[in-house]
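K.L.:
Below are the structure tokens for one structure; questions will follow.
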Amino acid sequence: MATAVRLLGRRVSSWRLRPLPSPLAVPQRAHSMLPVDDDINGLNEEQKQLRHTISKFVQENLAPKAQEIDQSNDFKNLREFWKQLGSLGVLGITAPVQYGGSGLGYLEHVLVMEEISRASAAVGLSYGAHSNLCINQIVRNGNEAQKEKYLPKLISGEFIGALAMSEPNAGSDVVSMRLKAEKKGDHYVLNGNKFWITNGPDADVLVVYAKTDLTAVPASRGITAFIVEKDMPGFSTSKKLDKLGMRGSNTCELVFEDCKVPAANILSQESKGVYVLMSGLDLERLVLAGGPLGIMQAVLDHTIPYLHVREAFGQKIGQFQLMQGKMADMYTRLMACRQYVYNVARACDEGHITAKDCAGVILYTAECATQVALDGIQCLGGNGYINDFPMGRFLRDAKLYEIGGGTSEVRRLVIGRAFNADFR
């Protein structure tokens with residue numbers, strides 16, 4: 001049965017998130033879920049229900065753990081939670097029904113990314129790496145045997161997926177990668193490493209880019225994509241990285257020492273990996289833009305109620321004009337970002353995928369999320385600066401989106417070059 005039926009057929013009832021305890025003078029009611037006006041956002045009834053269903057689930061099962069996950073840099077129940085996401089049908093949200101997917105679009109994918117990130121941006125990032133960077137790449141580029149072998153377990157949550165592209169000296173300049181894949185009989189032998197790999201310590205299945213021709217000119221012609229399993233001989237992971245933000249979304253270095261990968265595990269064709277890579281980047285940037293949306297909404301969830309509980313000079317601080325200005329700035333940034341992201345997602349669902357706007361949505365939402373997080377800290381004053389409140393976590397998490405998946409500088413280059421190409 002299609003998982004879309006499981007996902008969208010649930011009855012949605014109203015709920016209210018239990019407020020997080022505060023150790024200070026602000027009452028516990030200071031945190032509540034703010035309503036999202038999806039009539040303005042242009043969502044249909046199924047999309048509204050999708051948001052409500054996922055929001056209810058993650059606010060009950062993930063949000064109360066978000067601070068602990070951040071502080072310990074560990075999500076102890078990751079595997080169990082992943083299977084719950086699988087049972088909801090959201091891990092393979094864009095995958096075909098025949099493999100257990102929900103067969104929905106990129107707008108729905110963004111909505112789920114947003115709501116998970118609203119509860120925990122770190123877990124939202126891991127979800128994006130699994131559902132888009134890994135699953136969607138196999139859906140778009142895998143052959144039938146690969147899809148039948150890998151997709152069902154990735155979609156159910158039995159397996160965790162990742163994508164490995166970056167290296168210590170090949171981040172934005174990804175085609176300069178040095179991970180080498182040499183063909184020997186019916187296998188390829190991989191030697192080298194990958195770095196900053198989201199889900200790396202946990203992944204069972206990884207989409208890995210390697211050089212099958214180190215002398216190719218241009219260098220992009222020598223790249224091949226492989227599907228690598230964690231138990232393949234010669235593959236290992238280094239210790240988990242201790243990051244500024246997105247803590248609990250596990251990241252590490254991957255090590256390939258004479259790692260044997262069957263030739264049957266080539267994703268697409270030999271030396272055609274750059275096409276897999278570049279076509280996937282546009283949709284990666286779009287889906288990941290849901291992360292900053294969720295962070296901004298979480299900031300508002302904590303900030304707006306706080307401003308109407310905290311008192312100074314004999315009145316609620318939300319009554320001061322400067323604080324009203326902060327509220328207006330945060331809200332309008334979020335709403336402008338939502339409209340841009342949702343409209344680009346709709347266009348992609350209709351087959352109109354543009355690198356310029358996929359880069360644009362992650363550029364704009366990432367930088368707005370950082371500013372909204374800073375504004376939220378300012379609104380809470382001293383409480384915003386201590387770790388009893390989550391405001392610092394929002395800022396640290398938001399900053400990742402200006403760096404990961406292509407930096408803000410690279411996104412500006414993508415947009416600028418697109419305009420220049422129109423005038424050649």
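Counting begins at 1 with the first residue displayed.
Cβ from N, Cα, C; glycine included.
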K.L.:
Please pick, from TYR188, TYR275, the residue that Swiss-Prot records in the substrate site together with SER172, SER220, ARG221, ASP282, LEU283, GLU284, ARG285, GLY405, GLY406.
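P.N.:
Of the residues offered, the record points to TYR275.
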K.L.:
Can you tell which of the recorded positions SER166, ASN169, SER172, GLU284 lies nearest to LYS260 (N6-succinyllysine) in space, using Cα positions?
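P.N.:
Answer for the nearest of the recorded positions: SER166.
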K.L.:
Where does ASP282 (substrate binding site) sit in DSSP terms: helix, strand, or coil?
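P.N.:
In the DSSP reduction, ASP282 (substrate binding site) maps to helix.
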K.L.:
Quick check on the recorded positions LYS65, LYS76, ARG221, LYS316: which one has the highest count of other Cβ atoms within 10 Å of its Cβ?
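P.N.:
When each Cβ's neighbours within 10 Å are tallied, LYS65 leads.
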K.L.:
Could you check the binding-site residues SER166, ASN169, SER172, THR198, GLN378 and say which one's CB has the most other CB atoms within 10 Å?
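P.N.:
Result of the Cβ crowding comparison: THR198.
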